[in-house]
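Student: The structure follows.
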């Protein structure tokens, strides 16, 4: 920056001197006035300085217009360098054409060289425009992709972050009531990187966050939400937990939760911070010391146990562990999406470089018939060698950005095998089996397979198959139905009430095959919790069988006996 200003001052001084000093006025280099060369050098070496200040002014005007800022500021920041470079090349080309490449008689060779420079600048300008279009389309793709795939999850995760920070801090509502002040809906704060290695504090209005709709969220707002997820972790206000402060400041700092052990410890400290001394649970009255009534109505069902309706330390710990796991999975998904966009950017960049070279060859009239035939033959050869690869890349891009059947952290079923998505790239996806075995799938192959996604599924059903003796009385079957109904109604936190005990078939007039169909209050994303619930259900059904003396006996089996005469010769020996 300082060097550019130094060069600008020196060249500007030379330009003024060439226009004011008589001897310099008459000085010519290659038939051109000295001042023309000064202008060309100034535009070439200092044009970026001028265009940078021009873009700063444009950004400032957009930022002062609130309505315009929300709609286009995301694209302005992303396209600023592209526009700046395009304007600079345009100024260089304009200066070259108006001041250098006209008005002077030259030899045929010199004219040919200067025309070559002109067409080279034109091809660079075309390349800059294509670069601008590429960046714009990738920005639109990334923004729409984030809104479509992650907005709801980010909205929920940031609200959980707000709950965590609010409950780990001082009781602001209670303190406001003591001094007679009113307390409205709070703000969620986080620290994000500013692109220069430093950090800055950002805030999000929770009320506005709840009012946001996926269809109407702007690209700039989505960028702020994504930054909140990717540049800041799940954190508590550490001063409320360990009474630590910034060095030399009386300002509360954020303490990031980086593993499940820290999440468990944070839940313990939050419970101690919110609950009354000696109390084993948190009620709504204690939450109102930290939040307004509207927030308490939303927060309390998230933290309370379904059986007791109270917030215990266990329920708070379970909730915080779940929030931490979801936050970690979402951060990984956003990171992999960013990586995929970068990989796509590299592929498109290579394509644009090739297109720009072809345009330059055409403008320079180097691409004669022989050259075009040669390039065509090479293109056919490349299509033969890499055609299938290009097809796979295209299918993978469609799979990742258009189909997008899963995100990092989702549990899926592919070819009958349960897999957990660990990493997504443009060409491949990495999965983990239940035994932590890594499986690599090409995305072009995944695009042809049916994929079941547990995470995106609603509450899922389950079935327990069993057989009972054909001679079991109908009264016992009715009693079994009643016991199962009471068990399901007794555990509404685990099962929906719409269950069913059905008879599948009667086999060999010996046994009745039956099935108990139930619906979990969750999907099968959490494999361990699903297995635990199913195990408890099966053991409960076993207990019911024992209480009702319901059994299954095999059919009597025929036994055929043969009498074999002893060998006399063997006996004699």
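Here, residue 1 is simply the first one shown, and the rest follow in order.
Cβ atoms here come from the backbone N, Cα and C positions, even for glycine.
Note that TrEMBL annotation is computational and uncurated.
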Student: Among 64-82, 83-101, where does TrEMBL put the label transmembrane segment?
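Tutor: It is 83-101 that TrEMBL describes as transmembrane segment.
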Student: Can you check which of 283-306, 307-330, 379-402, 403-426 TrEMBL lists as transmembrane segment?
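Tutor: Range annotated as transmembrane segment by TrEMBL: 379-402.
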Student: Which residue range, 221-241, 242-262, 347-367, 431-451, is the one TrEMBL calls transmembrane segment?
Tutor: 347-367
Student: So which residues does the transmembrane segment (347-367) touch in its own chain, when a touch means Cβ under 8 Å and the partner is 6 or more beyond its ends?
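Tutor: Contacts with the transmembrane segment (347-367): 116, 119-120, 122-124, 126-127, 130-131, 134, 138, 375, 393, 426.
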